[in-house]
C-alpha cells in the first residue's frame, strides 16, 4: 500500500491545505516565531539568571519563565484581539478569545494595512498563512516585551508582585500600544511607522521599566556598589540565544519569506556586531580593558536600535 500523501500539489487541496496557503511563508513565519520565543525562553531566562548576583538567580529566571507562560494564556483568552481585533476605541481593540477553530483556521489579516480602495471598498493585506500562525507570532513579541521590562527590576521586585503585574501591564499598556500602531489605531493613521517593535516593544518596555524601577526603588547600597554576574559563561550563552533569535524578530516582520526579510536579517546581525565592537572599544579607551558585560550590553543596544528600521 502506498504511503499516505502529506504534501499536496497546486491542484490537490485538502481542508488542511487551502488554496491560499503558501507553505514557504507559513514555515518561515512559524520558524521566526519560534526564534523569537527562544530569545525569551531560554535566552533571557539564562541571561537574567546569570547576570545578577547568585542570591537573585532563581527569582530572576522565574520572573522570565512565568511571564512567558502568563502572557500566552492572557494573549489567546483576551489580549490578541484587544491588540489586533476590531476597533473599540482609537487606541484599543475589542477583547475576545482567539481560540476558536474557525477563527484560527481562517486566513491571517494585517489590521494596519486596512485602507479604502477602489469603489470605496476596504482593502486589507492577507498573508498566505492561517490566523493561528499570526496569533502565535505576535504572542512571542508580547512575551519578550514583558521579559525585557523585567530586566529593569531584577533584584528589586518580589515574585508575587511580578505575577500580578504581568497580566495587568499586558492588558492595559501593551495592547494599547500594539493596537494604536500595528492594529490600525490612531498612531497608524497619523503616519507613524514601526517596522518591528521600536515603539511597540522597545520604547514601551523601556519607559515602563524606568517607571517601575523608580517606584520599586533602588537596590541596597551594598548591591549597587558591587554587582558582579554570578556566571559569565552562561550569561554569554543567554546573550547568544538572544542575538540569534533576533533574526526571527526582524526577519518575521514582513509577514512573508521575501526580500525584505532577507535584508532585515542581514542588517540586524551587522548592527549587533558593530555595536558590540564599538562598545568594547570604548571600554578599552575609557577603562583600559574590555568588558564581557559591556560587550553584551553593546550587542543588545545594537539589536534594539536597528529594529525599527531593519527592513
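Note that Cβ sites are derived from N, Cα and C of the backbone, with glycine treated the same way.
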**Asked** According to TrEMBL, which of these ranges is transmembrane segment: 261-279, 280-298?
**Response** 261-279
**Fill in**
Between the ranges 61-83, 84-106, TrEMBL assigns transmembrane segment to 61-83
**Request:** State the residues, same chain only, that lie 6 or more residues beyond the ends of the transmembrane segment (229-249) and have a CB under 8 A from a CB inside it; answer 'none' if no residue qualifies.
**Result:** 31-39, 42-54, 57, 141, 144, 196-197, 265, 268-269, 272, 292-293, 296, 299-300, 303, 307
**Prompt:** Which one of these stretches, 61-83, 135-154, 166-187, 261-279, has the most C-beta pairs shorter than 8 Å to the transmembrane segment (199-217)?
**Reply:** 135-154
**Asked** Are there residues at least 6 beyond the ends of the transmembrane segment (166-187) whose Cβ is under 8 Å from a Cβ of it, and what are they?
**Response** 66-67, 70-71, 74-75, 78-79, 82-85, 87, 90-93, 95, 111-114, 138, 142, 145-146, 149, 194, 199-200, 204, 208
**Prompt:** Any chance the transmembrane segment (135-154) and the transmembrane segment (61-83) have 3 or more Cβ pairs under 8 A, given the pairs are 6 or more apart in sequence?
**Reply:** yes
**Fill in**
The predicted model's mean pLDDT over the domain 'Ammonium transporter AmtB-like' (27-310) is 90
